[in-house]
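Below is one structure, written out as structure tokens; comments come after it.
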Amino acid sequence: MKSALKTFVPGALALLLLFPVAAQAKEVETKTKLANVVILATGGTIAGAGASAANSATYQAAKVGIEQLIAGVPELSQIANVRGEQVMQIASESINNENLLQLGRRVAELADSKDVDGIVITHGTDTLEETAYFLNLVEKTDKPIIVVGSMRPGTAMSADGMLNLYNAVAVAGSKDARGKGVLVTMNDEIQSGRDVSKMINIKTEAFKSPWGPLGMVVEGKSYWFRLPAKRHTMDSEFDIKTIKSLPDVEIAYGYGNVSDTAVKALAQAGAKAIIHAGTGNGSVSSKVVPALQELRKQGVQIIRSSHVNAGGFVLRNAEQPDDKYDWVVAHDLNPQKARILAMVALTKTQDSKELQRMFWEY
């Protein structure tokens with residue numbers, strides 16, 4: 001009996017010692033199978049904090065760092081190998097062209113890395129749609145790039161940031177998100193970075209596209225219903241690596257009793273192009289038309305867009321004789337997205353016909 005015990009005890013100890021090794025090996029195998037996703041943090045409401053849980057609309061944005069954001073969603077480790085970088089920490093209404101270029105260059109560096117399968121960018125919602133469209137134009141990669149934010153700070157009751165971030169990482173790590181351009185995941189929907197806009201500022205269901213979402217995320221799985229129709233990323237003629245700076249493009253708003261004061265002031269301040277955010281079909285007041293005609297003769301590009309809330313659709317030579325005036329129409333791009341494309345396009349050409357082609361294709 002003693003002999004049997006002597007044999008059993010060392011054997012049992014050996015098995016017990018093997019259990020941690022086997023568990024570690026399984027953990028390593030699991031991590032190897034998971035996608036490698038980098039989260040670039042820029043600030044915004046998703047990194048915001050309020051004074052109490054009841055503060056869903058009054059809070060301070062850009063307070064929480066990326067490591068704290070990741071730690072707040074421990075389930076991320078089950079769907080991807082995640083690491084974070086704090087690229088900047090600002091409210092998105094303060095993002096400028098230099099910030100766009102800085103972010104775009106870092107995204108390109110990561111996209112070139114064999115160790116990165118997908119990229120998530122946490123962003124304030126005020127200009128999220130602009131950043132998403134900019135990246136959609138200039139990033140030469142088919143790897144998933146997801147821009148995500150939240151409508152409520154993490155300190156609020158029923159905060160939406162945790163699930164939005166989880167969904168963003170899930171989409172960024174999925175192979176079926178490759179080649180679909182830059183995406184935005186908010187409120188369980190997958191939107192095209194080109195199409196999506198913030199439609200309301202106090203609801204979690206805030207981001208909508210005039211042509212509908214590309215898909216949905218349910219319990220971390222992506223379901224797709226349509227593909228982007230316009231050129232983007234790998235098919236784009238623009239490349240962040242060749243863009244040194246962005247020209248000044250400004251927006252002038254159209255409304256009843258408008259004067260030409262704004263457009264003249266913007267041109268005098270150095271605008272290379274003016275997006276006219278017109279009513280309806282990009283309409284321009286008769287008080288403003290002569291000033292825009294004169295500015296075009298001086299070399300300023302004039303681009304007609306519409307500030308219709310649900311999405312404008314500006315037809316060329318309707319409302320205004322664009323061919324005669326040598327103006328450009330923004331197609332279905334809202335004024336803020338038209339500004340993004342105009343800035344990027346002007347790094348390639350000053351020809352209005354080429355600009356119009358780009359507005360049709362992108």
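Using the three backbone atoms N, Cα and C, a Cβ is placed for every residue, glycine included.
Substrate is bound by Thr125, Asp126 in Swiss-Prot, and the record lists one more residue there from Ser92, Ser94, Ser158, Ser174, which is Ser92. The substrate site is defined by Ser92, Thr125, Asp126, and by the 8 Å test on Cβ atoms against their centroid, the other residues of the chain that qualify are Gly44, Thr45, Ala91, Glu93, His123, Gly124, Thr127, Leu128, Gly149, Lys198. Summarising the substrate site geometry, the residues cited as binding it (Ser92, Thr125, Asp126) extend over a maximum Cα to Cα distance of 7 Å. Rounded to a whole number, the distance between the Cα atoms of Thr45 (active site, acyl-ester intermediate) and Ser92 (substrate binding site) is 9 Å.
Annotation for Asp126 (substrate binding site): spatial neighbours Gly44, Ala91, Ser92, Glu93, Lys198, criterion Cβ-Cβ under 8 Å with sequence separation of six or more. When pLDDT values are averaged over the domain 'Asparaginase/glutaminase' (35-362), the model yields 97. Looking at Thr125 (substrate binding site) and Thr45 (active site, acyl-ester intermediate), their Cα atoms lie 7 Å from each other.
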